[in-house]
Amino acid sequence: MSALLEQKEQQERLREAAALGDIREVQKLVESGVDVNSQNEVNGWTCLHWACKRNHGQVVSYLLQSGADREILTTKGEMPVQLTSRREIRKIMGVEEADEEEEIPQLKKESELPFVPNYLANPAFPFIYTPAAEDSTQLQNGGPSPPPVSPPADSSPPLLPPTETPLLGAFPRDHSSLALVQNGDISAPSAILRTPESTKPGPVCQPPVSQNRSLFSVPSKPPVSLEPQNGTYAGPAPAFQPFFFTGAFPFNMQELVLKVRIQNPSLRENDFIEIELDRQELTYQELLRVSCCELGVNPDQVEKIRKLPNTLLRKDKDVARLQDFQELELVLMISDNNFLFRNAASTLTERPCYNRRASKLTY
(Lines of atoms letter the chains of each structure in order from A and count residues from 1; the text may use other names and numbers.)
(Lines give C-alpha, C1' and ligand atoms only; values in the text may rest on other atoms or scores of the structure.)
Protein backbone atom coordinates (compact mmCIF):
# COMPACT_ATOMS: atom_id res chain seq x y z
CA MET A 1 0.00 0.00 0.00
CA SER A 2 2.82 2.39 0.86
CA ALA A 3 4.57 1.60 -2.44
CA LEU A 4 1.41 2.54 -4.36
CA LEU A 5 1.10 5.83 -2.50
CA GLU A 6 4.75 6.61 -3.12
CA GLN A 7 4.31 5.87 -6.82
CA LYS A 8 1.32 8.25 -7.04
CA GLU A 9 3.29 10.92 -5.22
CA GLN A 10 6.16 10.60 -7.70
CA GLN A 11 3.72 10.90 -10.61
CA GLU A 12 2.19 14.02 -9.07
CA ARG A 13 5.66 15.52 -8.63
CA LEU A 14 6.37 14.86 -12.30
CA ARG A 15 3.21 16.71 -13.36
CA GLU A 16 4.07 19.59 -11.04
CA ALA A 17 7.62 19.85 -12.38
CA ALA A 18 6.31 19.84 -15.96
CA ALA A 19 3.86 22.62 -15.10
CA LEU A 20 6.63 24.74 -13.58
CA GLY A 21 9.05 24.05 -16.44
CA ASP A 22 11.67 22.44 -14.18
CA ILE A 23 13.49 20.40 -16.83
CA ARG A 24 16.08 19.05 -14.41
CA GLU A 25 13.43 17.70 -12.04
CA VAL A 26 11.51 16.21 -14.97
CA GLN A 27 14.64 14.43 -16.22
CA LYS A 28 15.41 13.16 -12.73
CA LEU A 29 11.92 11.72 -12.22
CA VAL A 30 11.69 10.18 -15.69
CA GLU A 31 15.11 8.54 -15.32
CA SER A 32 14.03 7.12 -11.95
CA GLY A 33 11.21 5.23 -13.70
CA VAL A 34 8.13 7.43 -13.24
CA ASP A 35 5.46 6.82 -15.88
CA VAL A 36 5.27 9.83 -18.23
CA ASN A 37 1.73 8.87 -19.30
CA SER A 38 0.30 8.74 -15.78
CA GLN A 39 -2.95 10.71 -15.50
CA ASN A 40 -4.47 12.64 -12.66
CA GLU A 41 -7.38 10.80 -11.08
CA VAL A 42 -9.66 13.85 -11.18
CA ASN A 43 -9.09 15.63 -14.50
CA GLY A 44 -7.02 13.07 -16.40
CA TRP A 45 -4.16 15.47 -17.14
CA THR A 46 -0.67 14.13 -17.82
CA CYS A 47 2.68 15.86 -17.53
CA LEU A 48 2.54 16.54 -21.29
CA HIS A 49 -0.79 18.34 -20.86
CA TRP A 50 0.75 20.61 -18.22
CA ALA A 51 3.88 21.29 -20.26
CA CYS A 52 1.76 22.28 -23.26
CA LYS A 53 -0.60 24.38 -21.13
CA ARG A 54 2.30 26.37 -19.62
CA ASN A 55 4.14 26.52 -22.99
CA HIS A 56 7.39 24.89 -21.85
CA GLY A 57 8.85 23.81 -25.20
CA GLN A 58 11.97 22.18 -23.78
CA VAL A 59 9.92 20.03 -21.41
CA VAL A 60 7.52 19.07 -24.22
CA SER A 61 10.42 17.93 -26.44
CA TYR A 62 11.95 15.86 -23.67
CA LEU A 63 8.64 14.20 -22.75
CA LEU A 64 8.00 13.25 -26.38
CA GLN A 65 11.48 11.75 -26.61
CA SER A 66 10.79 9.82 -23.40
CA GLY A 67 7.69 8.18 -24.87
CA ALA A 68 4.87 10.52 -23.84
CA ASP A 69 1.60 9.82 -25.67
CA ARG A 70 0.50 12.91 -27.61
CA GLU A 71 -2.95 11.44 -28.35
CA ILE A 72 -3.98 10.82 -24.74
CA LEU A 73 -7.23 12.54 -23.70
CA THR A 74 -8.34 14.18 -20.47
CA THR A 75 -11.72 13.64 -18.84
CA LYS A 76 -13.04 16.46 -21.07
CA GLY A 77 -11.59 14.90 -24.20
CA GLU A 78 -8.69 17.35 -24.62
CA MET A 79 -5.39 16.45 -26.23
CA PRO A 80 -2.15 18.14 -25.13
CA VAL A 81 -1.80 20.06 -28.40
CA GLN A 82 -5.18 21.69 -27.83
CA LEU A 83 -3.98 23.35 -24.62
CA THR A 84 -0.98 25.25 -25.95
CA SER A 85 -1.00 28.76 -27.37
CA ARG A 86 2.37 28.73 -29.16
CA ARG A 87 2.96 27.67 -32.73
CA GLU A 88 6.43 26.35 -31.90
CA ILE A 89 4.99 23.79 -29.50
CA ARG A 90 2.32 22.79 -32.03
CA LYS A 91 5.07 22.13 -34.54
CA ILE A 92 6.89 20.01 -31.96
CA MET A 93 3.66 18.07 -31.42
CA GLY A 94 3.38 17.53 -35.20
CA VAL A 95 0.33 19.70 -35.92
CA GLU A 96 0.22 21.30 -39.35
CA GLU A 97 -0.73 24.93 -39.91
CA ALA A 98 -3.84 23.97 -41.89
CA ASP A 99 -5.14 21.76 -39.09
CA GLU A 100 -4.34 24.46 -36.57
CA GLU A 101 -6.86 26.95 -37.98
CA GLU A 102 -9.67 24.39 -38.09
CA GLU A 103 -9.34 22.52 -34.81
CA ILE A 104 -7.61 24.66 -32.22
CA PRO A 105 -9.92 27.74 -32.02
CA GLN A 106 -13.05 25.64 -31.68
CA LEU A 107 -11.56 23.42 -29.00
CA LYS A 108 -10.36 26.44 -27.04
CA LYS A 109 -13.91 27.74 -26.79
CA GLU A 110 -15.12 24.41 -25.50
CA SER A 111 -12.43 24.25 -22.81
CA GLU A 112 -12.89 27.85 -21.66
CA LEU A 113 -14.00 28.02 -18.03
CA PRO A 114 -16.47 30.59 -16.64
CA PHE A 115 -13.98 31.44 -13.86
CA VAL A 116 -10.24 31.86 -13.49
CA PRO A 117 -8.63 29.04 -11.47
CA ASN A 118 -6.38 29.99 -8.59
CA TYR A 119 -3.26 28.50 -10.18
CA LEU A 120 -3.78 30.81 -13.19
CA ALA A 121 -4.83 33.89 -11.24
CA ASN A 122 -1.79 33.50 -8.95
CA PRO A 123 0.78 31.59 -10.99
CA ALA A 124 3.93 30.28 -9.40
CA PHE A 125 7.21 31.97 -10.15
CA PRO A 126 8.51 30.40 -13.38
CA PHE A 127 11.49 28.14 -13.01
CA ILE A 128 14.43 29.45 -14.98
CA TYR A 129 17.48 27.28 -15.43
CA THR A 130 20.53 28.65 -17.18
CA PRO A 131 23.89 26.92 -17.53
CA ALA A 132 25.57 30.13 -16.35
CA ALA A 133 24.39 29.49 -12.77
CA GLU A 134 25.96 26.04 -12.69
CA ASP A 135 29.14 27.23 -14.42
CA SER A 136 29.57 30.05 -11.92
CA THR A 137 29.61 27.54 -9.07
CA GLN A 138 32.25 25.53 -10.90
CA LEU A 139 34.41 28.62 -11.34
CA GLN A 140 34.17 29.40 -7.63
CA ASN A 141 35.24 25.85 -6.80
CA GLY A 142 38.23 26.06 -9.17
CA GLY A 143 36.68 24.07 -12.01
CA PRO A 144 37.32 24.51 -15.74
CA SER A 145 36.14 27.63 -17.53
CA PRO A 146 32.68 27.24 -19.10
CA PRO A 147 32.25 27.23 -22.89
CA PRO A 148 30.41 30.18 -24.46
CA VAL A 149 26.67 29.76 -24.18
CA SER A 150 24.94 29.84 -27.56
CA PRO A 151 21.58 31.63 -27.84
CA PRO A 152 18.52 29.36 -27.85
CA ALA A 153 17.08 28.23 -31.15
CA ASP A 154 13.67 29.53 -30.16
CA SER A 155 13.19 32.98 -31.64
CA SER A 156 10.91 34.07 -28.83
CA PRO A 157 12.65 36.35 -26.31
CA PRO A 158 13.17 34.98 -22.80
CA LEU A 159 10.65 36.04 -20.23
CA LEU A 160 13.28 37.10 -17.71
CA PRO A 161 16.95 38.04 -18.21
CA PRO A 162 19.30 35.52 -16.59
CA THR A 163 21.41 38.18 -14.88
CA GLU A 164 18.62 40.04 -13.14
CA THR A 165 15.99 38.85 -10.72
CA PRO A 166 12.87 40.92 -11.28
CA LEU A 167 10.27 41.52 -8.68
CA LEU A 168 6.62 40.72 -9.12
CA GLY A 169 4.83 44.03 -8.78
CA ALA A 170 1.16 44.92 -8.68
CA PHE A 171 -0.69 42.64 -11.09
CA PRO A 172 -3.52 43.98 -13.23
CA ARG A 173 -6.99 42.75 -12.51
CA ASP A 174 -7.30 41.23 -15.95
CA HIS A 175 -6.27 37.64 -15.28
CA SER A 176 -6.21 36.74 -18.97
CA SER A 177 -3.48 39.28 -19.70
CA LEU A 178 -1.51 37.99 -16.71
CA ALA A 179 -1.69 34.45 -18.07
CA LEU A 180 -0.48 35.66 -21.48
CA VAL A 181 2.48 37.37 -19.86
CA GLN A 182 3.38 34.23 -17.95
CA ASN A 183 3.09 32.15 -21.12
CA GLY A 184 5.30 34.59 -23.03
CA ASP A 185 2.75 35.53 -25.72
CA ILE A 186 2.98 39.25 -25.01
CA SER A 187 5.69 41.43 -23.58
CA ALA A 188 5.48 42.06 -19.87
CA PRO A 189 4.72 45.68 -18.91
CA SER A 190 6.81 47.49 -16.40
CA ALA A 191 4.00 47.35 -13.82
CA ILE A 192 4.13 43.55 -13.75
CA LEU A 193 7.83 42.81 -14.06
CA ARG A 194 10.31 45.40 -12.91
CA THR A 195 13.91 45.20 -11.89
CA PRO A 196 14.81 46.12 -8.32
CA GLU A 197 15.94 49.67 -7.78
CA SER A 198 19.51 50.35 -6.83
CA THR A 199 19.99 50.50 -3.11
CA LYS A 200 21.46 53.71 -1.78
CA PRO A 201 22.52 54.47 1.78
CA GLY A 202 20.06 56.65 3.60
CA PRO A 203 18.45 57.25 6.96
CA VAL A 204 17.25 54.09 8.65
CA CYS A 205 14.09 55.14 10.48
CA GLN A 206 12.51 57.59 8.07
CA PRO A 207 9.45 55.97 6.45
CA PRO A 208 7.61 57.83 3.68
CA VAL A 209 5.53 60.66 5.03
CA SER A 210 2.65 60.21 2.60
CA GLN A 211 2.19 56.54 3.44
CA ASN A 212 2.33 56.81 7.22
CA ARG A 213 0.31 60.01 7.31
CA SER A 214 -2.82 58.25 6.11
CA LEU A 215 -2.38 55.47 8.67
CA PHE A 216 -1.12 57.03 11.88
CA SER A 217 -1.76 60.79 11.84
CA VAL A 218 -4.76 63.07 11.96
CA PRO A 219 -5.64 64.37 8.47
CA SER A 220 -6.42 67.89 9.67
CA LYS A 221 -4.96 69.68 6.63
CA PRO A 222 -4.54 68.74 2.97
CA PRO A 223 -1.11 67.32 2.08
CA VAL A 224 1.53 69.91 1.24
CA SER A 225 3.81 69.42 -1.74
CA LEU A 226 7.33 68.50 -0.68
CA GLU A 227 9.05 68.97 -4.03
CA PRO A 228 12.43 70.68 -3.55
CA GLN A 229 12.98 74.10 -5.03
CA ASN A 230 16.66 75.09 -5.44
CA GLY A 231 17.70 72.44 -2.94
CA THR A 232 15.20 73.48 -0.22
CA TYR A 233 11.66 72.32 0.50
CA ALA A 234 8.88 74.84 -0.07
CA GLY A 235 6.19 75.19 2.54
CA PRO A 236 5.90 73.66 6.01
CA ALA A 237 6.20 69.92 6.37
CA PRO A 238 2.96 68.08 7.20
CA ALA A 239 2.41 66.87 10.72
CA PHE A 240 3.78 63.38 11.13
CA GLN A 241 3.01 60.99 13.92
CA PRO A 242 5.80 58.42 14.34
CA PHE A 243 4.91 54.80 14.95
CA PHE A 244 6.92 52.65 17.32
CA PHE A 245 6.33 48.93 17.51
CA THR A 246 5.67 48.03 21.14
CA GLY A 247 5.27 44.28 20.82
CA ALA A 248 1.50 44.34 20.18
CA PHE A 249 -0.19 45.55 17.03
CA PRO A 250 -3.63 47.22 16.92
CA PHE A 251 -6.39 45.32 15.19
CA ASN A 252 -7.85 48.34 13.43
CA MET A 253 -5.59 51.07 12.08
CA GLN A 254 -8.45 53.60 12.26
CA GLU A 255 -8.49 53.41 16.06
CA LEU A 256 -5.98 54.39 18.73
CA VAL A 257 -5.88 51.91 21.62
CA LEU A 258 -4.91 53.33 25.03
CA LYS A 259 -4.62 51.87 28.54
CA VAL A 260 -6.39 53.95 31.20
CA ARG A 261 -6.91 53.63 34.95
CA ILE A 262 -7.78 55.80 37.96
CA GLN A 263 -4.83 56.99 40.03
CA ASN A 264 -5.20 55.52 43.51
CA PRO A 265 -1.98 54.39 45.25
CA SER A 266 -3.91 52.90 48.19
CA LEU A 267 -5.26 50.05 46.08
CA ARG A 268 -3.02 47.03 45.68
CA GLU A 269 -4.65 46.01 42.39
CA ASN A 270 -5.25 48.99 40.17
CA ASP A 271 -5.52 47.47 36.72
CA PHE A 272 -5.69 49.26 33.40
CA ILE A 273 -8.51 49.01 30.90
CA GLU A 274 -8.17 49.50 27.18
CA ILE A 275 -10.15 52.17 25.36
CA GLU A 276 -10.41 52.98 21.66
CA LEU A 277 -10.28 56.47 20.16
CA ASP A 278 -11.03 57.38 16.58
CA ARG A 279 -7.86 58.69 14.93
CA GLN A 280 -9.96 61.29 13.12
CA GLU A 281 -11.01 62.82 16.47
CA LEU A 282 -7.90 62.79 18.67
CA THR A 283 -8.79 65.66 21.01
CA TYR A 284 -8.42 66.18 24.73
CA GLN A 285 -12.18 66.41 25.28
CA GLU A 286 -12.76 63.17 23.37
CA LEU A 287 -10.12 61.40 25.46
CA LEU A 288 -11.68 62.72 28.66
CA ARG A 289 -15.19 61.75 27.57
CA VAL A 290 -14.31 58.19 26.54
CA SER A 291 -12.11 57.58 29.60
CA CYS A 292 -14.75 58.79 32.06
CA CYS A 293 -17.45 56.81 30.28
CA GLU A 294 -15.44 53.58 30.42
CA LEU A 295 -14.30 54.05 34.04
CA GLY A 296 -17.64 55.35 35.33
CA VAL A 297 -16.23 58.67 36.54
CA ASN A 298 -17.76 62.13 36.41
CA PRO A 299 -15.64 64.37 34.14
CA ASP A 300 -15.97 67.21 36.67
CA GLN A 301 -14.04 65.15 39.23
CA VAL A 302 -11.01 64.70 36.96
CA GLU A 303 -8.23 67.05 38.01
CA LYS A 304 -5.73 66.06 35.29
CA ILE A 305 -4.74 63.28 32.93
CA ARG A 306 -1.25 61.91 33.38
CA LYS A 307 0.71 59.97 30.78
CA LEU A 308 2.84 57.56 32.75
CA PRO A 309 5.28 57.93 34.26
CA ASN A 310 5.27 61.70 34.72
CA THR A 311 3.86 63.61 31.72
CA LEU A 312 0.79 65.83 31.94
CA LEU A 313 -1.64 65.98 29.02
CA ARG A 314 -2.91 69.52 28.46
CA LYS A 315 -4.09 70.02 24.88
CA ASP A 316 -5.12 68.32 21.65
CA LYS A 317 -1.57 68.12 20.28
CA ASP A 318 -0.49 66.12 23.32
CA VAL A 319 -3.27 63.65 22.61
CA ALA A 320 -2.36 63.48 18.91
CA ARG A 321 1.15 62.34 19.84
CA LEU A 322 -0.08 59.36 21.83
CA GLN A 323 0.88 55.91 20.61
CA ASP A 324 -0.98 52.63 20.81
CA PHE A 325 -1.13 50.94 24.23
CA GLN A 326 0.30 53.91 26.13
CA GLU A 327 -0.66 54.03 29.82
CA LEU A 328 -2.70 56.94 31.18
CA GLU A 329 -4.00 57.82 34.65
CA LEU A 330 -6.96 59.93 35.64
CA VAL A 331 -6.09 61.98 38.74
CA LEU A 332 -9.30 62.77 40.62
CA MET A 333 -10.02 65.58 43.04
CA ILE A 334 -9.93 64.34 46.67
CA SER A 335 -13.23 64.87 48.49
CA ASP A 336 -15.13 63.33 51.37
CA ASN A 337 -17.71 61.84 49.04
CA ASN A 338 -15.11 60.14 46.87
CA PHE A 339 -15.33 56.48 47.79
CA LEU A 340 -12.10 55.66 45.98
CA PHE A 341 -10.01 57.40 48.65
CA ARG A 342 -11.76 56.06 51.73
CA ASN A 343 -9.30 53.21 51.83
CA ALA A 344 -6.46 55.69 52.36
CA ALA A 345 -7.59 56.35 55.97
CA SER A 346 -8.31 52.69 56.68
CA THR A 347 -4.75 51.72 55.87
CA LEU A 348 -3.51 53.74 58.89
CA THR A 349 -5.85 52.00 61.34
CA GLU A 350 -4.64 48.61 60.19
CA ARG A 351 -1.08 49.33 61.35
CA PRO A 352 -0.14 47.71 64.73
CA CYS A 353 1.40 50.92 66.13
CA TYR A 354 -1.64 53.09 65.43
CA ASN A 355 -3.01 54.90 68.52
CA ARG A 356 -6.67 55.77 68.22
CA ARG A 357 -6.70 58.06 71.31
CA ALA A 358 -3.71 60.03 70.15
CA SER A 359 -5.31 60.57 66.80
CA LYS A 360 -8.26 62.34 68.46
CA LEU A 361 -6.19 64.76 70.53
CA THR A 362 -6.33 68.42 69.57
CA TYR A 363 -3.65 70.97 70.34
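The backbone N, Cα and C atoms fix where each Cβ goes, and this holds for glycine too.
Quick look at what Swiss-Prot annotates:
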COMPBIAS  144-164  compositional bias 'Pro residues'
MOD_RES   MET1  N-acetylmethionine
MOD_RES   SER176  phosphoserine
REGION    135-167  region 'Disordered'
REPEAT    9-38  repeat 'ANK 1'
REPEAT    43-72  repeat 'ANK 2'
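Packing against the repeat 'ANK 2' (43-72) from elsewhere in the chain are residues 14-21, 23, 26-27, 30, 36-37, 78-81, 83-86, 88-89, 92-94, 154, 182-185: each is 6 or more residues past its ends and has a CB under 8 Å from a CB in it. Across the repeat 'ANK 2' (43-72), DSSP classifies residues as 16 helix, 0 strand, 14 coil. Sorting the repeat 'ANK 1' (9-38) by DSSP state (H, G, I as helix; E, B as strand; all else coil) yields 21 helix, 0 strand, 9 coil.
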